[in-house]
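Enquirer: Pasting a structure below so you can have a look.
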Amino acid sequence: MASPAPSGSPPLVIYSCTDEQMLEVTELVGDSATAAIVCSQYDCSFTAVSCVLKYLAAQQADLSEQMDGTAKAEVALSLDVAFLLFSAYLVFGPMQLGFALLCAGAIRSKNSMNVLMKNILDACTGAIGFYLFGYAFAFGHHANQTSNAFIGDHNFALSYTTQVSSLDSNVSYDGFATQGWHVFFFQWSFCAAATTIVSGAVAERCTFQAYLAYAFFISSFVYPVVVHWVWSASGWLSAFNTSRDGYALLLQTGAIDFAGGGVVHLTGGMAALMGAWIIGPRIGRFDASGKVNEMKGHSATLVVMGTFLLWFGFYGFNPGSNLTIATTASAIVVSRVAVTTTLSAGAAGLTGLFWRYMRTSTWDTVLVCNCCLAGLVGITCSCSVVEPWAALICGFVAAFVFIGFEYVVLYKMKIDDPVSAVALHLFCGVWGLLFPGLLAQPTYVADVYGAYGFGPDVKGSKKFGILYGGHGQVLLCQVIEALSICAWVGVMMGAFFGLLKVAKRLRVPVDQELAGLDVSKHTNEAYNGAIMPTAGGGAGGGGGYGSNGGERGSGFYTGAGPAGDTSTGGGHAANGGYD
């Protein structure tokens with residue numbers, strides 16, 4: 001029998017069973033509580049079996065819907081994890097190999113094996129340092145809590161990650177999706193990239209012990225602190241920190257650093273500046289009057305190969321920084337990032353090509369490589385929030401930033417940076433940080449950061465590039481990030497390298513430097529004793545080409561020294577490189 005629903009309830013019919021019907025239903029379903037539900041929801045006046053079948057059909061439909069939702073969530077998680085792991089493979093594999101090849105090609109052959117070994121040890125030492133301390137300082141916090149705004153305080157040696165990466169984990173906050181093994185691996189690949197930037201800047205004269213100590217220090221402490229500031233949900237610079245009534249701590253906006261133009265490149269570039277400055281120039285880099293003597297790299301082939309591998313790796317570095325791809329919105333962002341990354345690099349490479357040709361009527365291969373990499377560094381912060389035409393502008397300017405500051409570092413600051421890591425990472429990194437404050441597109445900013453510290457009112461509060469009519473808080477946040485990273489890394493790495501220098505542990509002895517670190521430290525040579533081709537030339541007028549001075553001669557390998565001497569003479573002055 002049925003009765004109307006109580007007053008104020010939804011217009012549903014509530015059924016009831018007689019005692020006899022209740023007994024029949026109970027016998028069918030097995031317990032009185034379920035029987036009461038069946039009798040209240042279905043008409044059992046015809047037969048008890050029919051209403052029980054209706055109940056079971058409804059339960060099956062509900063269960064199917066729940067299972068479908070669970071399956072979709074599992075597929076989405078699996079897709080996101082695979083995307084993040086593959087991106088990390090690109091960042092670690094092609095990029096680290098690209099670093100090694102480019103750095104080896106940009107220095108003299110007698111030190112190639114040594115710098116290759118240091119590039120390998122960046123990854124080895126960084127893995128241990130980031131595992132023990134770095135990842136905890138970067139993202140660590142206790143379950144259902146947040147850490148302080150300066151540094152993480154939990155998950156040392158992946159203790160928390162191990163817990164949430166278990167199938168029987170009961171952690172309900174920040175579980176496997178956000179703190180699992182894949183996240184550590186992805187973040188470590190970025191740490192390895194930041195660590196290896198310094199290797200080229202101090203190449204040909206840094207001791208092995210000092211370099212190992214540096215790699216551990218920056219990967220376990222200096223770099224992770226910067227990561228926490230900018231990318232952690234608790235960091236004071238972070239656009240993902242929503243602790244201020246749903247907005248970021250810094251100007252209710254936070255800094256836009258999508259893929260690490262400041263976190264990775266500026267950090268590595270500033271460390272390279274301090275290392276190259278404190279360790280001093282290579283013997284013979286400057287004469288008694290301070291004039292620059294050219295010291296050529298030995299292989300343009302390696303430089304070009306390294307450049308292509310690095311460019312390839314940037315498709316894990318930039319698109320992968322979205323961290324997810326399983327939704328349409330995420331796929332759109334990832335695709336846009338790949339396009340803007342490509343356009344910035346292409347524009348920068350062509351800019352360097354024609355700039356050098358207009359000045360010297362020659363085509364400079366190494367400069368084109370460096371400018372392509374400058375464009376990749378420059379777009380890293382803003383790749384998700386700028387339009388394609390804006391990416392062209394970013395790359396165009398980045399090329400001139402590199403060319404100008406490569407000259408300033410060598411000729412004005414008198415700092416010997418064999419692979420131009422300072423110009424490429426420090427100064428192009430600063431340009432990249434400033435760029436979102438100029439040309440961050442309103443809709444793209446809302447899409448990427450509107451759900452976080454920027455808040456849902458991105459357009460109304462004009463939190464986008466000033467050239468789109470935005471207010472200046474975005475640009476100001478970018479300036480604050482640049483200054484903060486430079487100050488932190490400059491002080492930390494300056495003190496570190498300074499202490500090593502005082503302790504006489506930073507630089508190799510003069511005789512070892514002159515002989516070459518391959519022979520003196522590895523008792524072997526990269527080319528098994530083969531003599532790299534050279535040709536004689538007038539002093540200062542030998543071959544090669546200077547990335548900033550316009551010097552040119554008959555070829556990449558020609559030099560001022562005697563035939564077979566690969567440690568003196570011409571080449572590309574301050575030849576650049578991405579390391």
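Glycine too: its Cβ is placed from the backbone N, Cα and C atoms.
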Enquirer: Region 'Disordered' per TrEMBL sits at which of 4-27, 556-579?
Expert: 556-579
Enquirer: Kindly say whether the transmembrane segment (422-440) and the transmembrane segment (329-355) touch, using the definition of 3 or more Cβ pairs under 8 Å where each pair is 6 or more positions apart.
Expert: no
Enquirer: Tell me if the transmembrane segment (482-500) touches the transmembrane segment (181-203). I count contact as 3 or more CB pairs below 8 A, with pairs 6 or more residues apart.
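Expert: Since fewer than 3 Cβ pairs under 8 Å link them, the transmembrane segment (181-203) and the transmembrane segment (482-500) do not come into contact.
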Enquirer: With the transmembrane segment (119-138) as the reference, find which of 81-107, 210-231, 329-355 contributes the most Cβ pairs under 8 Å.
Expert: 210-231
Enquirer: Can you tell me which recorded stretch out of 81-107, 210-231, 329-355, 388-410, 482-500 has the most Cβ pairs within less than 8 Å of the transmembrane segment (300-317)?
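Expert: Per the Cβ under 8 Å count, 81-107.
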Enquirer: Honestly, do the transmembrane segment (329-355) and the transmembrane segment (210-231) touch, with at least three Cβ pairs under 8 Å and pairs 6 or more apart in sequence?
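Expert: When sequence-distant Cβ pairs are counted, the transmembrane segment (210-231) does not touch the transmembrane segment (329-355), since fewer than 3 lie under 8 Å.
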Enquirer: In the same chain, who gets a Cβ under 8 Å from the transmembrane segment (388-410) while lying at least 6 residues past its ends?
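Expert: Same-chain contacts beyond the flanks: 273, 292, 339-341, 343-349, 351-352, 355, 367, 370-371, 374-375, 377-379, 382, 416-417, 420, 422-424, 426-428, 431-432, 435, 439, 441, 547-549, 573-574, 576.
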Enquirer: Which residues of the same chain, at least 6 past either end of the transmembrane segment (210-231), have a Cβ under 8 Å from a Cβ in it?
Expert: 118, 121-122, 125-126, 128-130, 132-139, 147, 149-152, 187, 191-192, 194-195, 198-199, 202, 237-238, 240, 255, 257, 262-263, 267, 271, 275, 481, 484-485, 488-489, 492-493, 496-497, 500, 505-507
